[in-house]
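Here the structure is laid out as structure tokens; the discussion comes afterwards.
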Amino acid sequence: MAATLSEIRELIQSLTKTANEIKAMLERNSAGKPTGIEEAAAKIIKDIGDKIDQCECTKKIEEMLDQKQNADTQIVPTKQESSGLVKYSYPNWNVGNEELGSSGNPNAVKWPPRK
């Protein structure tokens, strides 16, 4: 179902024209009494809402929310924050800062040099 650019352009132009016509009708009929367009829009919104309510995924979400026992329980677990300072996972024998970890190699290069 591939559409060419010309087909898409024509579709966009027709949608733009329809949208402009709807805007003009709404501006003319903004006196406060409901029009056929507003009634049709309300029906469409209600139908979409009903379909969402009947969806299995909505029922599953509602069940999961009902199973939630207290405010501390989370449905989706949060990622634990890692500390900003991570120890090296490979041997860096006394290289760098002491806080970053070291295996204690006595022949390692140390900075700043010690006498």
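Even glycines carry a Cβ here, placed using N, Cα and C.
For the coiled coil (1-28), the model's pLDDT averages out at 84. Taken from Swiss-Prot, the feature coiled coil covers 1-28 (among others).
If one looks beyond the coiled coil (33-54) by at least 6 residues along the same chain, the residues whose Cβ comes under 8 Å of a Cβ in the stretch are 22, 25-26. Summarising the annotation, Swiss-Prot assigns coiled coil to 33-54 (among others).
Residues or ranges marked as region 'Disordered' by Swiss-Prot: 96-115.
Under the heading compositional bias 'Polar residues', Swiss-Prot lists 96-106.
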